[in-house]
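**Student:** Pulled from TrEMBL, these are the listed features:
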{"type": "BINDING", "residues": "Lys126, Gln189, Gly220, Asp251, Lys395", "note": "UTP binding site"}
{"type": "BINDING", "residues": "His221", "note": "substrate binding site"}
{"type": "REGION", "residues": "1-22", "note": "region 'Disordered'"}
Amino acid sequence: MDMLNKIRSHQRTPSGSRDFKEATKRDALARLAVDLERLIASVPENKRPHVEKEFKGFKNLFSRFLAEQGPSVTWEKIEKLPEGAVIDYSSLLTPTTDNVHHMLDKLVVVKLNGGLGTSMGCKGPKSVIQVRNDLTFLDLTVQQIEHLNKTYKCNVPLVLMNSFNTDEDTQKVIRKYQGLKLEIHTFNQSCHPRINRESLLPVPRHHDVQSDIDAWYPPGHGDFYESFYNSGLLQKFIKEGRTYCFISNIDNLGATVDLNILNLLLNPDPQKIISEFVMEVTDKTRADVKGGTLIQYEDKLRLLEIAQVPKEHVDDFKSVSQFKFFNTNNLWAKLDAIQRVVEQGSLNMEIIVNNKHLSDGLNVIQLETAVGAAMKCFEGGIGVNVPRSRFLPVKKTSDLLLVMSNLYSLCHGSLVMSPQRMFPSTPLVKLGDNHFAKVKEYLNRFATIPDLIELDHLTVSGDVTFGRGVSLKGTVIIIANHGDRIDIPSGAVLENKIVSGNLRILDH
C-alpha cells in the first residue's frame, strides 16, 4: 500500500491538515528506520557497531526534528541576565607560575577541524590554509601548545575533531609533528545521511561514503559530545585525572589557552556552584549582529541563535543595546559532566535545519546542532566577557588580509596586536567577492600586504591590484567599475580617500 493510500485510509476530520501532518510524520520515522537498516546491512561486519551508534544519534535527531515546529524559544520568556551570569575578564585572577604546571595537567585542548576550505577557494581541510609566514592554522595551534608544554613542563594533549571530509588529509599532515613535545589525538564526528526534502528519506543507497560523498554530511559541531564519548578519548582523559576541555574553532586565531579562565574553573569561589560550562562572549559590534547571544531562559543560561528567533523579533535580536554579547565559540566544559549528559541522554540542543541544493538538482535537508547550544544541559554555566582579541576568526580573505598584515606579530604561534596601533579594535575590511574571494586570486592582487596600522575601514570592489609597500589609513574606498581596472602604485599612501575610475600601471 503506498503512502498516499495509507494516509487516505485514515478517517479525515475538518482539522484534517494537522492529522495529516501527524500521520505523515509517524510514517516518515518508520520509513527512515527501514532505510537506515538497509544502509547498515551494506556495512562490513567490523564497522557495523560504530555505524549503528552514529545512526542511533541520527534517528534521535530526526525524530526531534519531526516533533519540533517553529522557533524554539517563546520570546516573552526570555529573562534579563542575572547578576554574575557574565563575569568580566578583567576581574579574573592570574594564577601564580608555580601553580600553572599542575593546572595544565588537568586540561585537554580540542579544536573543531571538520571544515573544508572551499568557501575560500581551497582544496582540502581549512586548517591547512597558510595564514602567515607559510604557517597553517594547524601549524599555529601546534606551536602554541608545544610552547605551553615546554614553558610549564607539562603535557597538554591536542585533540582534533575531524569529519569524513578532513580526516584523511589531516592524518597525513600531522605526521610532520611527530618529533615535537606534543600528544595529538584525532577522532571523527558522525557521518549522517542527507535527507530528501520531499520524501524525507535518506539520499544514499549504500554506505560507501567516499563514492557518493554528496549524499552524506557532518552534523555540525554540536555532535562533539557524543562523538568524543564514542571515541573513548573522553574516558581516557578522565582516567588520567584531567578535568576540563577547552573547545574552539581551528580558524579562530584568538582562541589560545587562557590561564586566567582555567584558574577560574580549577580554583572556584567555594561559595559558588562549580561551573561545568563556560562560554567566552565578547561585546557585540555592528559587524556581529548575526552572532549567537547569551540569554537567561527557564532558569538556565543558554545560547540563542538567530535561527531560533521568531521573525518579528529578529531586529530585537540584532540590537546591540538589547543583547550586548555574542558567542565566540570558545568554550570550556567539565569532562565528567560531558560523560554524565551523554550517558543520561539529556543533550537536547536546538536543531538547525540546513537546506542544500545538490549538483544533480536534488533539494536536501541536513540536520545540525551547535556545540555551544549544550550550555543549558550543564550545571552552573557562566559567560566570561573576554577581550575582542580572543575572537579572530578567518572566514574570508578579508580576515586573512588582517592577520597577514603588520597589525599583528607572531609569538610562539599566537597573534599579538601591534603596540603601534592606537586602538585595540580591528579595521573593518570588505573585499569584493568577484575578484578577492578565493585565496589564490586574493594573493595575486597584492604585491605585498599593505601597511594597515592606521586603517579604520577598507572597501575594495572590482578589478583592483596593489603594488609593493602601499599604506592605507583611515577610511579607504577603492571601486573599479565593470570593465575598468585600478592599479594602486607601489609606495602609495592613501588616507581617507575614495579611488574610482580607471588607473593602469604597466611595466615598461
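Numbering starts at 1 and runs along the chain as displayed.
From the backbone N, Cα and C atoms, a Cβ is placed for every residue, glycine too.
For the listed features, I'd like the structural context: burial, neighbours, distances.
**Tutor:** Residue environment of Lys126 (UTP binding site) contains 24 other Cβ atoms, counted within 10 Å of its Cβ in all protein chains.
Cβ contacts within 10 Å of His221 (substrate binding site), excluding its own Cβ and spanning all protein chains shown: 26.
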**Student:** Considering each pair of residues in Lys126, Gln189, Gly220, Asp251, Lys395, all listed as binding UTP, report the largest CA to CA distance in Å, no decimals.
**Tutor:** 21
**Student:** Below 8 Å Cβ to Cβ and six or more residues apart, same chain only. Which residues does that give for Gln189 (UTP binding site)?
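**Tutor:** The answer is Gly114, Met161, Asn162, Ser163, Pro218, Pro219, His221, Asp223, Phe224, Ser227.
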**Student:** Let me know how many other Cβ atoms fall within 10 Å of the Cβ of Gly220 (UTP binding site).
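**Tutor:** 24, counting other Cβ atoms within 10 Å of Gly220 (UTP binding site).
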**Student:** List, in sequence order, the same-chain residues at least six positions removed whose CB sits under 8 Å from that of Asp251 (UTP binding site)?
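**Tutor:** In sequence order, Gly115, Lys126, Ser127, Phe137, Pro393, Val394, Lys395 meet the Cβ cut-off.
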